[in-house]
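Participant: Just passing along the structure, written as structure tokens.
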Amino acid sequence: MARTTAHITLLSDLTPPSQERTWLTAPHPTLPIVATCSSDKTVRVYSLSNFRLLSTITGGHKRSVRTCAWKPHVQGESVLATGSFDATVGIWRRWDSYGLLSSDHTTAAAASEDADSDSDEWRFAVLLDGHDSEVKSVSWSASGMLLATCARDKSIWIWEDLDDGDNNFETVAVMQEHEGDVKCVAWHPAEECLASGSYDDTIRLWREDLDDWGQVACLKGHGGTVWFVDWEGVENVPAGLQGEEGKWKESRALSGPRLASCSDDRTVRIWRRVPKEQLQQQQAGTPFGGTGIPSIIRPTGTDETWEEEAVLPKMHELPVYAVAWSKRTGLLASVGADGRLVLYEERFVDGSAQAMDTDGPASAPLSTEWVAVGVVEGAHGIYEINHVAWAKRADRGREEGKDEEVLITTADDGSVKVWTVR
């Protein structure tokens, strides 16, 4: 059932905060901990059980740590990739209770409590050197075998973790099609498909074809730098729903997870891949298969067609720096230079779900719209907010038996705040 408004309430700050700008906070994929990147050249690891600092990772980078990402599917240890303005990428490892992969949230929370002050146990395993200037974003693939990095040098690098016990990584691709600073990279939640956003105002999608990585789509629509992209969760489109809404969602699922983006143009947009089946239907019976050009010069079979599905309500007065798509509820959050935290919900347009004629197809096709359901003004006072992320709630205030989420915002004042959404 659609909500009319959402109540976004401050739960806690993560303490102690950094005394310098913080860029991004990455929730661990399985444990109630997060890693926060700071301009003071460190990464701080906090507990989401008691909101206290567990470790400070130092000594690996010579300039600001701009980005970090936890490697998924690791047993017995935690592995963190960091990207810095010193143009390098670091891989850090820690053999301890951080690495307990437990479905029992209580056990995981206790594990995070045990890992208190031994920051020296973080091992700087390897330095990945290749970029010519500031690294802006790092992202692990869903399998955990590939690491994507991007930088101000306009390039995207893909590294393979050889997982040979010697911390060896191999460069498998360097893509340089972007015409400006590459601000972000994000892997598809289930496939080896990479999305990137850039100062050139475009979003590009990349896949491997015959051992060669290349661009399969270039999404144009933003009128400014694309600061951040985030994928929809695979489970956001549930199967087995009844009625016309169920049919509509199953049809949309053919496109796979959608992509959200935000920009200097103050907008948040949603992009959808057009399924090949739909393209074939559109092209049937038209010259040259609907492309208007002979097949000999048509794009290759690996190319994909993406379309802008929605522009969300304009809620920001300044550039939007980050978006976060809840993999559990489908809610979308955005933050930016105006200090606002905004929450959006996708709904069926009034009446469209009841527009079915009993004897035939819908008189008005089902459609959805995005509605802003919550806003926090000045979430970090006068400071710009650089990042937002969803995480599983882990503190003692959560409702027993409920799988709650929290929002985590990271800002220029060095603070990281945790919010509940009801």
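Cβ atoms here come from the backbone N, Cα and C positions, even for glycine.
Pulled these features from Swiss-Prot for this protein:
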| type | residues | note |
| --- | --- | --- |
| REPEAT | 13-56 | repeat 'WD 1' |
| REPEAT | 60-102 | repeat 'WD 2' |
| REPEAT | 130-169 | repeat 'WD 3' |
| REPEAT | 177-220 | repeat 'WD 4' |
| REPEAT | 236-281 | repeat 'WD 5' |
| REPEAT | 315-354 | repeat 'WD 6' |
| REPEAT | 379-420 | repeat 'WD 7' |
Participant: Ranking 130-169, 177-220, 315-354, 379-420 by Cβ pairs under 8 Å to the repeat 'WD 1' (13-56), which is first?
Facilitator: 379-420
Participant: When you scan the chain for residues with a C-beta under 8 Å from the repeat 'WD 3' (130-169), skipping those not six or more beyond its ends, what do you find?
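Facilitator: Hits for the repeat 'WD 3' (130-169): 63, 66-74, 81-89, 91, 93, 175-176, 178-192, 194, 196, 198, 206, 213.
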Participant: What is the pLDDT of the repeat 'WD 7' (379-420) when averaged and given as a whole number?
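Facilitator: When the pLDDT values over the repeat 'WD 7' (379-420) are averaged, the result is 94.
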Participant: Counting each residue once, how many in the repeat 'WD 3' (130-169) are helix, strand and coil under DSSP?
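Facilitator: Going by DSSP assignments, the repeat 'WD 3' (130-169) contains 0 helix, 19 strand, 21 coil.
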Participant: Quick one: DSSP breakdown of the repeat 'WD 7' (379-420) into helix, strand and coil?
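Facilitator: Computed counts for the repeat 'WD 7' (379-420) are 0 helix, 20 strand, 22 coil.
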Participant: List the helix, strand and coil residue totals of the repeat 'WD 6' (315-354) as derived from DSSP.
Facilitator: 3 helix, 19 strand, 18 coil
